[in-house]
Every structure is written in C-alpha cells, then in structure tokens.
Amino acid sequence: MEHVKPVVGIANCLGTPVCKYLQYHRKLNDYVRNFKRMRDELNCKMEEIELQLKAELLRPLGKIPKKGVENWLKAVKQMIREAHVVENKVSNGRYLCRACNGKLVDEKTREMKEFLDKALNASEGLAMDGPSAGLPLPTSELVGEEAVRNEIWACLMQEEVSKIGVWGMGGVGKTTIMKHIHNDLLKQQRFERVIWVTISKEFNVMKVQDNIASALESKEYLDKEEDKLVRAAILSEMLKNAGKHVLILDDVWDEVSLEEVGIPEPSGSNGCKLVLTTRSEHVCKYMGCKVIKVKLLSEEEAFI
C-alpha cells in the first residue's frame with residue numbers, strides 16, 4: 001500500500017477518480033502500446049491521403065486541394081508532432097509518476113482516434129477544379145497590327161499548324177501582339193491552358209523548366225530534382241496531363257531543344273500549340289515553325 005499512497009494523493013489533488021489513476025498506474029505499458037499503434041495508424045493515413053492528393057493534382061493539372069483536405073492534413077501533422085513530444089516526455093520520465101504518464105498518453109490517444117475517425121474519404125476525391133486556364137496579361141493597345149494578329153490567330157485555329165514562329169526586329173510589337181492573343185485565347189476557352197513563359201537572351205534550361213512548372217502551379221514537383229533529364233521527364237508528364245494547351249515562349253534568342261526542356265512535340269493529334277517570339281527568322285525555321293513576320297509600322301499606320 002505504501003506505493004499506492006502517492007498515487008492516491010496526486011489523484012485527489014488533480015480531481016481524477018482514484019480508481020482511474022490506479023488503472024493508469026498499473027497498465028501504463030498497455031496505454032503506451034495503444035498510443036504508439038494509434039500514432040502509427042494516423043501517420044499511415046496521412047501519408048496515404050498525401051499520395052492520393054499528389055496523384056489527383058497531376059491528373060489533370062489545374063486541380064487544387066479541397067479546403068477541408070488542406071486543413072485536415074495541417075491539423076494531423078500538428079497532432080503527430082505533439083504525439084512525438086508526449087512520447088519523449090514519457091520515455092524520459094519527466095512526469096511525477098506512472099499514473100501521470102498513463103493519463104497523458106491515454107488523452108493523446110483519444111485525440112488521435114478522433115482525427116482518425118474524421119479522416120477524409122478518399123473515394124470522394126481530394127482535389128477540385130482550380131482557377132481558369134490562366135490569368136489575363138496587362139498590355140497596351142494594338143496599333144496597326146491587326147493583320148499580323150489575325151494571321152497568327154488563324155494559324156492557332158488550324159489543326160495542321162502546331163508551331164508558330166513570330167519574328168521581327170526588337171520593338172516592332174511581337175510581345176504586345178502575343179499578349180493580346182494570350183488574353184483572347186483565355187476568353188475563347190478553346191484550350192484548357194494558355195501558358196506564357198519569357199525566355200530572354202540568357203537561356204537556362206532549368207530556369208525555363210521552373211517557369212513552365214510555375215505557370216502550371218506545380219513547381220514543387222521539380223524543386224527536389226537537380227538532374228536535367230529527370231526534370232525534363234517530369235515536366236513532359238505535367239504538360240501531357242495539362243490537356244489541350246498553348247505554350248507561348250516569348251523573347252527566344254536561340255534554338256531551343258524541346259526535348260531537353262521537357263516540352264512534348266505539339267501536333268494535331270494532341271491539339272497542343274507552341275508559339276515563340278524571336279528576332280531571328282532562322283530560329284523559327286530551325287524549330288519547324290510556321291513563320292510569321294512582324295514589320296515596322298509605316299508612318300500612316302503609326303498615326304492612325
């Protein structure tokens with residue numbers, strides 16, 4: 001009885017029935033085993049949900065997690081962190097007695113069971129449709145460039161034209177024209193995605209890969225991978241899963257290997273289009289594009 005007296009004293013102080021504290025004291029090992037089992041089950045469920053969510057976000061792209069999914073995952077991760085703290089405290093004997101340890105792990109076990117009972121039903125889907133095909137780009141008014149704009153638009157609507165090269169000297173309005181076309185494509189909703197990426201003179205494969213993935217809201221899938229070939233394979237799958245899309249590469253200075261970057265070859269069969277703007281007609285021809293030249297406006301056109 002001399003070992004029971006301290007337990008009874010603590011129980012009375014804390015207002016918990018003596019019989020319950022005696023149970024915590026005597027069956028601590030059972031409580032700890034149950035605690036660890038529940039923690040492991042909750043952790044497995046969290047990992048299962050995360051894997052399925054990742055798969056849903058990739059097929060097709062443009063999906064976003066349901067709000068309840070994000071909240072549940074965030075809460076469960078916090079609960080598992082708290083469970084590790086409890087386990088460390090109990091194993092290090094930081095509490096006054098076995099009864100206190102038993103009460104602590106029992107309460108945390110009950111909390112984890114509540115989370116597990118409220119686990120998401122994966123069969124109902126964890127993701128939902130995200131924003132539209134893209135966001136409109138800010139741009140200035142088109143002046144005297146309607147003919148070229150209409151020619152580019154006509155090519156985009158033709159099934160047999162998959163790659164378009166818009167070229168001309170710097171400052172003639174290539175980017176402005178393509179911004180207008182980008183925004184018009186969003187309004188028309190003929191394509192599932194309209195992707196805009198600026199290349200610039202200092203071409204860097206990994207930067208281009210990151211920019212395309214960011215436009216697809218999926219950059220996190222490339223962040224942990226440094227091998228360019230593997231990154232290209234991942235990006236290629238992203239673009240294939242993005243559905244029928246238009247990829248606009250603005251300000252291209254040199255030839256770009258689509259394979260090296262991870263851009264699937266656009267074709268009539270997949271319905272995808274590639275448009276690039278460049279100062280070089282050679283770049284357009286090298287990449288197999290339908291070539292469209294943007295010329296300087298005449299004095300009359302400039303003042304219309």
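Keep in mind that glycine also has a Cβ here, set from the backbone N, Cα and C atoms.
Since the structure is predicted, the reported quantities are computational estimates derived from the model, not experimental observations.
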For which of the residue intervals 28-59, 60-91, 124-155, 188-219 does TrEMBL record coiled coil? 28-59
Same-chain residues at least 6 beyond the ends of the coiled coil (28-59) with CB under 8 Å of its CB atoms are 65, 69, 72-73, 76-77, 79-80, 83, 86-87, 90, 98-99, 101-102, 105-106, 108-109, 112-113, 115-116, 119-120, 122, 125-127, 218, 221, 237-238, 241
Taking every residue in the coiled coil (28-59), the average pLDDT works out to 86
